[in-house]
Amino acid sequence: MTTLITNIGSLLTNDPELGTLTDAAIVLDGDQVAWVGAAAAAPDADERVDAEARAVIPGFVDSHSHMVFGGDRTAEFNARMSGKPYTAGGIRTTVAATRASSDEALERNLRRFIGEMLRQGTTTVEVKSGYGLTVEDEARALRIAAAHTPETTYLGAHVVAPEFADDPAAYVDLVTGPMLDACAPYARYVDVFCERGAFDGDQARAVLTAGAARGLTPRVHANQLTEGPGVQLAVELGAASADHCTHLSDADVKALADAHATTVATLLPGAEFSTRAVYPDARRLIDAGATVALSTDCNPGSSFTSSMPFCIAVAVRDMGMTPDEAVVAATLGGARALRRTDVGHLAVGARADLVLLDAPSHVHLAYRPGVPLVSAVWQGGARVC
Ligand SMILES: [Zn+2]
């Protein structure tokens, strides 16, 4: 089954040779892109779609989310936005609700968010564990996630489990021992929240090296709330990404620039938006030469958005990115953060994941914030929205 999408006003390929094409067409064959070029030269196909001079982009690659959870945190958000002090219930509130949820309820929730993402153009998504914090609950979260995406991340080291509040070292032993054994079969990556109040540099190193020894690729929640060792550790261990990167020293920026081919700086503006915090400085990272990705961080506490277009608009408005840079970061950047070469771009042989926008250009994703511009979505060559 082949599909020709033609009369494309603007086709963002993210391919260094093709660039952005006008008056373009693309042919999908099975789950791959089979042809890209000028509409006038396009071959025939079984099915023909007229893009009506609108824009086509690669499907978004959302490389950081926490979508296996129970309950929500509406009251906490409402209190925070009402200027009231809120207690450090935080992640632990969601841990309790997640442990109390049935497998079916967790899966229903995950499906709902993946569906939301698809309708907003996200065709690849990473999902983390981290709201179970017991051997059984972490393995359960990853088993459920792995049924819906190959991009799963073991985050037993999200926070110290409440049962281990007085003995964090014992919790790190659990995370690097029996919990890792139970989770590794369902995970591709290992992650740790390296932050004051979560895990320090030594603990984070122990978690990441134990995961790497089991074949999991490291990624790090780094430098979100304060400057700390997270970014340097990510770079030193060859992590696929250092995520958040909100508070960076000059040495951190240089380390990410030097590691641009290995470790992606993944920026998560939904977190700063939802906590009224200062945004990361994307301009500083890009100008230094770092590879940057944008992602939603979709989670019930600090960033309850599933929308990549929203993140693009914020990144352009408040983080110094150009519209081109933001859309590339949300597609190719995310693919690089997941070490995927088949998604995030549109060239012959790439996976046929693409989005038709109700706009003449991908710039409209930032130019028209909050407007539902996703008109159609193909995932693996099949039209899904
Ligand atoms: Zn996160």
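Keep in mind that glycine also has a Cβ here, set from the backbone N, Cα and C atoms.
Among the candidates ASP297, ASP318, ASP324, the residue that TrEMBL annotates alongside HIS64, HIS66, HIS221 as binding Zn(2+) is ASP297. Binding of 4-imidazolone-5-propanoate is attributed by TrEMBL to ARG73, HIS158, GLN224, SER302, and the same site annotation extends, among TYR131, TYR171, TYR279, to TYR131. Other residues of the chain with a Cβ within 8 Å of the Cβ centroid of HIS64, HIS66, HIS221, ASP297, the Zn(2+) site, are SER65, LYS128, ASP243, HIS244, LEU268, ALA271, SER295, CYS298, ASN299, SER303.
Proximity of the binding-site residues GLN224, ASP297, GLY301 to ligand 1, judged by a Cβ distance under 6 angstroms to any of its atoms, singles out ASP297 in sequence order. For the binding-site residues HIS64, HIS66, HIS221, ASP297, GLY301, a Cα to Cα distance of within 10 angstroms from ARG73 (4-imidazolone-5-propanoate binding site) holds for GLY301. For the pair formed by ASN299 (N-formimidoyl-L-glutamate binding site) and HIS66 (Zn(2+) binding site), distance between Cα atoms is given as 5 Å, rounded to the nearest Å. Its Cβ taken as reference, HIS66 (Zn(2+) binding site) is surrounded by 28 other Cβ atoms within 10 Å in the chains shown. Within the same chain, residues at least six positions away from SER302 (4-imidazolone-5-propanoate binding site) with a Cβ under 8 Å of its Cβ are GLY270, ALA271, SER274, THR275. The N-formimidoyl-L-glutamate site is set by TYR131, ASN299, GLY301; from the centre of their CB atoms, other residues of the chain with a CB within 8 Å are HIS66, PHE69, ARG73, ILE91, THR94, GLY130, PRO300, SER302.
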